[in-house]
Amino acid sequence: MAKGSKGYIVGVMGPVVDVKFPEEELPDIFNALEVVNPQTGQKIVLEVEQLIGDGVVRTVAMDSTDGLMKGLEVVDTGEPITAPVGKEVLGRILNVIGEPVDEAGEIKSKERWPIHRPAPELIEQSTEIEILETGIKVIDLLAPFPKGGKIGFFGGAGVGKTVLVMELIRNIAIEHKGFSVFAGVGERTREGNELWLEMQESGVLGNTVLVFGQMNEPPGARFRVALTALTIAEYFRDVEGRDVLLFIDNIFRFVQAGSEVSALLGRMPSAVGYQPTLATDMGELQERITSTRRGSITSVQAIYVPADDITDPAPATTFAHLDATVVLSRRIAELGLYPAVDPLDSSSKILDPAVVGREHYEVARGVQEVLQRYKDLQDIIAILGVEELSPEDKLVVHRARRIQRFLSQPFHVAERFTGRPGKYVPLEETIRGFKEILDGKLDDVPEQAFLMAGTIDEVKERAKEMRS
């Protein structure tokens, strides 16, 4: 298809715009078209979704269509929407079409990549299953992240999701020399602004790219912004050979945006009014997130569950792609235990002795067993008190309370608020610490010594100070 072909608008239906071209100059599916809004003088990008006959193509706008009218000239760029890639985009905020929105000047990147790209061929993909060490005890022990895997974050407002995300970004940047890409998909602009300011203050912005298509933007932008972020991450993986963390907040909004444009494109809705192409849309995004021989993209996706119904098609389709789930619990946050990760609800497919090793597996299962037994005893304790328990059950409660507190840990990005220096805990230290608690070697150590500690050696030091 020749670049520069010209057509004109023949219909505008909200974010969907119909454009007529000469029959011999029809643009390809997913090509980006450009039209100038006569009211604002701004260039609006339209993405071709369907060829509907008689030279007419149906497109979805990446910006508001207010001011567009029939007869306006439209130019075919001859290529899909492209995103700037490379180190020049680090520390910047972009929109869906790769334009900077942080008022920090133009992005002078040497390359731009199309946002529609095939997933890596099977022969290019890495078949080794490897743990991505995060330095966060509760995650590394109970819900280990596979390198190149997909992790779902579940949690309501105010349970520490953003702080956990920022700590992951910091640890990947400093401990793994990796980069992070954050895709804000259909979330609040205020939250995006707060994240940007917090990243500046905590010093992680320089290793991160932020790509936003927020709640106030048209569905086309919200639907495609995750692909823009993923393309930037793919460059760091494939060209720079890095381990990249890709955060998508929120994957449900990606589905929701697709559902909004689907009916306008004339598609028959499927279950619960979602688009009939739901599984395909999700698959095209998720299959590109993987490890190759050069590097990896590990994706952490916040998942909003509508009306707490996990059978809803949007979250249900997402679950099929996940390798691990991290559930943040308000009950744990209220106890003042951070990160507020629920150790019983969180899980990982790679928590298997064949992958993580026999010792890691047995310690993790031992921790969950003690915590589950403690949870089962809660009702009895509430009615009768701890004194009425059998000696074995008292020992379970005794160790469970120490495990609960040892699962907490101070974060580097929260140092300014807590006054406690952050701790990165290597996986071997995490396993050793919990093994000693399970073996009863620390039964005489006071509970307070375990709270907000890093390694088990730090707990022992604190216990010595308390006794002296």
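Glycine is treated like the rest: Cβ placed from N, Cα and C.
Taken straight from Swiss-Prot:
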type	residues	note
BINDING	G155, G156, A157, G158, V159, G160, K161, T162	ATP binding site
Quiz item: Taking each of the binding-site residues A157, V159 in turn and counting other Cβ atoms within 10 Å of its Cβ, which one has the fewest?
Solution: A157
Self-check item: Spatial neighbours, same chain, of G160 (ATP binding site) - Cβ under 8 Å, 6+ residues apart
Solution: L328, A333, Y338, P339, A340
Quiz item: Under 8 Å Cβ-Cβ from T162 (ATP binding site), six or more apart in the same chain: what's there?
Solution: E191, E194, L195, E198
Self-check item: Largest tally of Cβ atoms lying within 10 Å of a Cβ, found at which of the binding-site residues G155, G158
Solution: G155
Exercise. Could you name the residues, excluding G155, G156, A157, G158, V159, G160, K161, T162, of the same chain that surround the ATP site, i.e. Cβ within 8 Å of the Cβ centre of those residues, in sequence order?
Key: L328, A333, A340
Exercise. Check the binding-site residues G156, K161 for other C-beta atoms within 10 angstroms of each C-beta and report the one with the most.
Key: K161
